[in-house]
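Per TrEMBL, the features are as follows:
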- B:1-480: domain 'Cytochrome oxidase subunit I profile' (DOMAIN)
- B:33-55: transmembrane segment (TRANSMEM)
- B:75-95: transmembrane segment (TRANSMEM)
- B:His76, B:His363: heme b 1; low-spin binding site (BINDING)
- B:115-133: transmembrane segment (TRANSMEM)
- B:145-165: transmembrane segment (TRANSMEM)
- B:177-200: transmembrane segment (TRANSMEM)
- B:220-241: transmembrane segment (TRANSMEM)
- B:253-270: transmembrane segment (TRANSMEM)
- B:290-310: transmembrane segment (TRANSMEM)
- B:322-338: transmembrane segment (TRANSMEM)
- B:His361: heme b 2; high-spin binding site (BINDING)
- B:394-416: transmembrane segment (TRANSMEM)
- B:450-472: transmembrane segment (TRANSMEM)
- B:516-537: transmembrane segment (TRANSMEM)
Amino acid sequence: MLKLRTFFLIATGLLIGYAAAAQTPGAAPAAEKPMTTEEILFWILLGLLGLVLLVALLMGIMITVQMRPQLRKVYEMPTVRPTMSGKVLGLLVGDPVLVKGEVKDELLDHDYDGIHEFDNDLPPWWKYSFYVTIFFGFIYLGYYHLAQAAPLSEGEYAAEMQQAALMVSADNDDPNKLTDYKPLTAATDLTDGKGIFAQNCAACHGQNAEGKVGPNLTDEYWLHGGEVNHVYKTVKFGVQGKGMVAWKGKLSGKQILQVTSYVLSLQGSKPANAKEPQGEKETAGKPVASR
Amino acid sequence: MIVDPKPLVARPETPPARAVDTFFYDNRIVRNFGIATVFWGVAGMLIGTLIAFQLARPELNMGTQYTTFGRIRPLHTNAVIFAFVGNGIFTGVYYSLQRLCKTRMFSDKLSKLHFWGWQLVILSALISLPLGITTSKEYAELEWPIDILITVVWVVFGWNMFGTIAKRRERHLYVGIWFYIATLLTVAVLHIVNSLSIPVSFTKSYPIYAGVQDALVQWWYGHNAVAFFLTTPYLGLMYYFLPKAAERPVYSYRLSIIHFWSLIFIYIWAGPHHLLYTALPDWAQSLGVVFSIMLIAPSWGGMINGLLTLRGAWDKVRTEPVLKFMVVAVTAYGMATFEGPMLSLKNVNAIAHFTDWIVAHVHVGALGWNGFLTFAVLYWLWPRLYRTPLYSKRLANTHFWLGTLGILFYAIPMYWAGFTQGLMWKQFNAEGMLQYPNFLETVLQIVPMYYLRGIGGVLYLSGVFLMIFNLVKTAKAGTLLADEKAQAPALMPAELVEEHQGGHWHRWIERRPVQLSIGATIAILIGGAVEMIPTFLVKSNVPTIASVKPYTSLELEGRDIYIREGCNNCHSQMVRPFRSETERYGEYSKAGEFIYDRPFLWGSKRTGPDLHRVGAKYPHSWHYNHMMDPTSMSPGSIMPAYPWLFEQNIDYSSTPAKIDVLRKLGTPYPAGYGQQAVADARQQAALISRDLAKEDIEVKSDKEIVALIAYLQRLGTDIKVKEDPNAVEVVGVLPAE
């Protein structure tokens, strides 16, 4: 009996500990910070509790195993067996009937074209699983719809987006604002840009940016501006209704700048099968790209 | 009375003084349905194998519209469900019902009418689906005239079945018959409610439901087609053929009672689990979740009653192929019905839905449960119909192993593919970007799995050919016992038989087929009613969006081409509220966006990307080139080409009728718009063809591709904020990197 009480106490302690632990991450910001002494102490204590619980559990199992014959005798007493605690005892001593049910194999007087039927009990494991699932159903509906204790589809989405907003860098996400980048000129950036172009842009703009579905990018004519920050914006946010895909979310800010710089490096390259100019000519006075 | 489980002692019976009737069972109809089962089984599986390899090698679409995946995938599902399993049901029911009722079928004429009527339904599916005549609703693709034919044939079946039950010589109905009755009634209700539509022409109709409501009705139907066409009738067959083959009593009568009623009551509620995280109202989704979980035990009730019936017969399982097939069938049933509820949990569904995981899941059910039980029944029946031992047990055993191997080769790669793709879609990198922004990358990753799956299909099918050889040889060795002589005492009025008075409380309803039918009908109506009525009547369930407008007449024609080509078989139109989807596709789909969608086209599988936000994403020319040759725009794409769209003219002949029907259904086209619709469509088409001309693409404005482009460019654009792209304000911002 003493054992049981210890058990209970430890379990309660652990539960409270867990609840406390569950609250801490909410308070602390996501950024990595060194643990305070309090926190270290808390985790040590929690670990100790867990260890104690494990030992207690093992001892409980040992005692049950050791005392099985005695427990069995108690279990087999006719006054104990049908009671609820008797059933728990039965599970402890491992009475298979409690799980599988009593298989009496009593034949009913049914005869359907030679098929007979037993009238065996519903297997308890089956029956209680059924109860558990029904219980789950009520809890689920109550939790989400009556108590409204957790968000549903839209709430989950809002939370997910909020979480993501914390993660993503403060990259300017306003399509109406223009960045002030300079074109990248390092060879590695241009090589990366070339790879990105081949993979994502070539289908519409052609392998050499000569223009296919999308416009020719090697001439001086631009539909949405040929200055590096204009091109960056066009790549990032796309052009609604004109077919330019928004690459935001698919390419990182750096990648967009790389591919933009690569495209601008192709100015005047005069590829074969070039598409006719579209848009307005950008004069040399405007900084196009430093080659 | 207590008996040892092993030897079954013949019980002393004190037959009351009753006249013994002599009558004949109709075996010919059973044999005919059996042949039809095998014939359509092979057809369905051949098409299945073809479309499996089409996903790995697009050139197998053969460049014709009649053999392209989108049109023949429904042919595969219809052939396997309604032709193979359907005829399988009738084979088993016609054999067992006669014997369980101790009478010949009610009417030979009705039996024949049922047989030929059903084959006619299948034949019309075989013709109409490749022609692109389809409603697009999964497992209910057949158009209205065939729907009516199905209804008529089903009534014939019901009439014949209840007629047989009415003239039975056995007072009580066996559990198998309860399942048959539930099947008959529920399939009738499902089919009629889901098929309600208004015809435009002989080959085209629009459903009376739109958008979210159409989706709810369709998946109430789709899910319960699995329940009441693939499950309950086969449980009925299991309850007859398994104890027969094992020669053992059924394990538990009371388990059959509980699991029968709970199964049919709970199953009907679970449909919304096909629509988790969609625009369906949350409360309906949650009902779908919890009833799916509650369905585990009732489903397993059938499995354990089957498996435990085999106690004392496991030694026979080792040698008897019929029992082997049954054991695997029942086990596959148990696995699939546990997996199904797990897939209904929203967090699992978020990964599994739209992937091949679902394809794996249904094939464990179809190949394992339905296929193997059908084979068991056929192997058991043939020697009895032809009065001769099975030609070769060894071949049957080989079939068993080939089939089992086939299932493994099918299922494992598909699970693998499903997990892989589901996770790839959701993966973000450290910079908060999609790791695999290019959808095609996630497809090409799993193409090897598509090959393996095809090989699994070939293995399974080759087993079926072994069975055909075996059955033909058996039939040749014997002669068909077309009319099997049987004797049974005539039925005495229940009041006169003492044993019919008391007994288990459930015996009461087993003596009364009418009350049993009414009880079953009530049980299956509740769930559907609770989910559908509020969705239809309560406005807040589908919040309207002012900017959502009906399709233009050209877009409508384009949409019907989309339906004809079965695009929805590979492309969903439902962006779920996940960051991974809104980043990839755009704003998630809202219920109010679909109010003019008849039928809804949310899809159930993403072999290609979602299309709900594809409108205005690419230029017209992108779509033009892509439909002509998908690999030109997406190198490596497994999508087939659609060259015929560039040759065929848009069929405007039924446009006014379409507008009229939609107006009748509530789409707010102006009165008399039907007359103007064609002119409007031509005008819009001319604009598109002019836009294309600017990009050096010459296309006549009356080609089908123009209508399709119009539709695709409209998709999901109604709620997009039209912002002015010229408003640019230059502000200095530090570079991010």
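Each residue, glycine too, has its Cβ placed from N, Cα and C.
Caution: TrEMBL annotation is automatic and unverified by curators.
Under DSSP, B:His76 (heme b 1; low-spin binding site) is assigned to a helix (H, G or I) in the three-state scheme. Beyond its flanks by at least six residues, the transmembrane segment (B:450-472) meets 38, 41-42, 45-46, 48-49, 52-53, 55-56, 367, 371, 375, 378-379, 382, 390-392, 395-396, 398-400, 402-403, 405-414, 417 of its own chain at Cβ-Cβ distances under 8 Å. Reported as a whole number, the C-alpha separation between the residue listed as 'heme b 2; high-spin binding site' and B:His76 (heme b 1; low-spin binding site) equals 16 Å. Minimal Cβ crowding within 10 Å, among the binding-site residues B:His361, B:His363, is found at B:His361. In the three-state DSSP assignment, the secondary structure recorded for B:His363 (heme b 1; low-spin binding site) is helix. A Cβ distance under 8 Å defines the sequence-distant neighbours of the transmembrane segment (B:115-133), meaning residues of its chain 6+ beyond its ends; these are 29, 32-33, 36, 40, 43, 65-67, 71-72, 74-75, 78-79, 82-83, 86-87, 90, 141-143, 145-146, 149-150, 152-153, 156, 203-204, 564-566. When other Cβ atoms within 10 Å of the Cβ of B:His76 (heme b 1; low-spin binding site) are tallied across all protein chains shown, the result is 21. In this chain, the transmembrane segment (B:145-165) does not touch the transmembrane segment (B:253-270); fewer than three CB pairs sit within less than 8 A of each other, excluding pairs fewer than 6 residues apart. Same-chain residues lying 6 or more positions outside the transmembrane segment (B:516-537) and placing a CB less than 8 Å from one of its CB atoms are 173, 178, 181-182, 185-186, 189, 193, 212-213, 216-217, 220, 228, 261, 264-269, 271-272, 280-281, 284, 287, 291, 509-510. Across the domain 'Cytochrome oxidase subunit I profile' (B:1-480), mean pLDDT in this model comes to 95. Counting same-chain residues at least six beyond the ends of the transmembrane segment (B:290-310), those with a Cβ under 8 angstroms from any Cβ of the stretch are 231, 235, 238-239, 242-243, 246, 248-252, 255-256, 258-259, 262-263, 266-267, 269-270, 273, 317, 323, 326-327, 330-331, 333-334, 337-338, 340-341, 344-345, 527.
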